[in-house]
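Chemist: Handing you this structure, nothing more for now.
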Amino acid sequence: MIIQAAAAAPLFLLLLLLLFVAACNAQLRVGFYSETCPSAEETVRAAVKEAMHEDMSSAARLLRLSFHDCFVQGCDASILLEAEGGEAEAPGNAGVGGFEVIGAAKKRVESLCPGVVSCADIVMLAARDAVALSDGPDYELPTGRRDGRISSLALASHLPEVNDPIRVLKAKFHAKGLSEKDLVLLTAAHTLGTAACFLTSKRLYNFSGRGDPDPTISPRFLPRLKSFCPLNSDFVRRIPLDWASEFEFDDHILRNVVTGFAVLASDAQLTEDRKTRQVLESYVGGGHATSSFGADFAEAMVKMGRIGVKTGSQGEIRKICGKVN
């Protein structure tokens, strides 16, 4: 028995080593496609640039798409799957777009390198490029994700919502391994794009259930909000989330939050918690404010991009982003 155990030990160690090597090879890394598809990132950026040239609001849609993908089953492009009862049908995903840009980028990449680049990576690369092409930070993004095979409406029931109180928002972010700082920074993605007016209805017209507005809204901003989003506005009417620079990525959205000019209730909630308010003030709080917003946002995006990723032998590389192989 002793001889058998001694002989088995090297084999066991060899298996452990092989497992370790496989795990290392399966990790996300910058330049994952440098040998298998060298022009992948350049091709995705070209598709994003073209989409933004036709419609600048494409940037906001692509950035939002990455968030909504990663927060359900991880960053695996499950939101792109066209399935009855799929996660794209969840109320929290109402208005999410950019699918056609991802599809166009995927088609180009497939023509160059068939079966190599995942839709999940294209979603994250497109979000990065949308930010960079909107005068935001341009950062290195680890890639190597694989695509999920499941898209379920039930699994998308815990997305952050615009009327969530701050404790709920924090809990939802903590559940994904994200901190209060990440919550503030990823909320700052609202520097780009618009929101449907109906999302502001409760905040403007029935905040406490007595037909009153949210008292944290600046008195100078409230009439403007109400005139733009009258009572019972529908989904079609949309309002810029950052009035000063709707198509430019900057920290102005955080200044709006601090001064009572936030459009969404979830954005305004960032001032209601000591930790999130400290983060806000570290960027826009005056004399001791930092200038690291862009770099910190990029870091938060990279961190979000690691949520629940599938790598190595997990998942698949879809040929078409809307369908499993």
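Note: Cβ is positioned from N, Cα and C throughout, glycine not excepted.
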Chemist: According to TrEMBL, which residue among Cys119, Cys197, Cys229 is joined to Cys321 by a disulfide bond?
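Modeler: That would be Cys119, the partner TrEMBL lists for Cys321.
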Chemist: Taking TrEMBL as the reference, Cys37 is linked by a disulphide to which residue in Cys113, Cys197, Cys229?
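Modeler: Disulfide mapping in TrEMBL sends Cys37 to Cys113.
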Chemist: Do you know offhand how many angstrom separate Pro160 (substrate binding site) and His68 (active site, proton acceptor) by C-alpha?
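Modeler: Cα of Pro160 (substrate binding site) to Cα of His68 (active site, proton acceptor) measures 9 Å after rounding.
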Chemist: Just to confirm: which same-chain residues, 6+ apart in sequence, have a Cβ under 8 Å from the Cβ of Arg64 (site 'Transition state stabilizer')?
Modeler: Val96, Gly97, Gly98, Ala189, Gly193
